[in-house]
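If you look up TrEMBL, you'll see GLU132 marked as active site. TrEMBL lists HIS131, HIS135, HIS141 with the feature Zn(2+) binding site. The domain 'Peptidase M12A' feature in TrEMBL is assigned to 41-161. Residues or ranges marked as signal peptide by TrEMBL: 1-15.
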Amino acid sequence: MHLFVLLGLIATTCAERPRHPMENPDMYQGDILLDDEDDRNALVGDTYKWPGGVIPYEINVGLTEGTNQIEKAMNYLSNNTCIQFTQRRYLDKDYLMIFPGDGCYSHWGRTGKGQPLSLGVGCLDLGTIMHELMHAIGFKHEQNRSDRDDYLTIHWNNIQQ
């Protein structure tokens with residue numbers, strides 16, 4: 001009897017289809033965390049920009065194994081842009097709270113408070129970390145830009161049926 005229960009548990013656990021950590025159905029475009037007031041098409045004004053291009057951050061102790069990758073991504077962005085990442089000081093009220101959540105996601109731009117940036121299982125490669133950091137800076141997915149069709153040519157003959 002115990003064997004059947006054990007086999008049943010294993011079968012149902014193994015039958016669950018794993019989801020990609022950047023494809024969360026509860027988030028805008030799979031990896032952008034929006035508040036109710038965030039239903040906007042573009043970042044307008046200084047409200048969503050990080051003052052002086054400086055982004056304070058705090059890395060949760062649960063990400064000790066990923067800290068080097070996170071810092072490498074931050075250094076790359078800082079060395080190639082005007083954005084600077086600094087470790088959070090006690091007085092910093094606006095900052096990134098980088099933690100090992102369920103999947104990979106971030107808010108879009110600065111929210112004006114401590115804001116979550118999740119780097120869960122499968123999210124600690126350099127490209128994914130930079131992707132989520134860029135959402136926190138204020139970048140959207142390029143394929144969803146309102147002017148994307150001005151720069152996109154679809155070669156219908158090359159699409160296999």
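Keep in mind that glycine also has a Cβ here, set from the backbone N, Cα and C atoms.
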Integer average pLDDT (0 to 100) for the domain 'Peptidase M12A' (41-161): 90
Cβ-based isolation winner (fewest other Cβ atoms within 10 Å) among the binding-site residues HIS135, HIS141: HIS141
For the recorded positions HIS131, GLU132, the one whose C-beta sees the most other C-beta atoms within 10 angstroms: GLU132
Euclidean distance between Cα atoms of HIS141 (Zn(2+) binding site) and GLU132 (active site), Å: 11
Three-state secondary structure, which DSSP defines for HIS141 (Zn(2+) binding site): coil
Per-state residue totals over the domain 'Peptidase M12A' (41-161) - DSSP helix, strand, coil: 44 helix, 25 strand, 52 coil
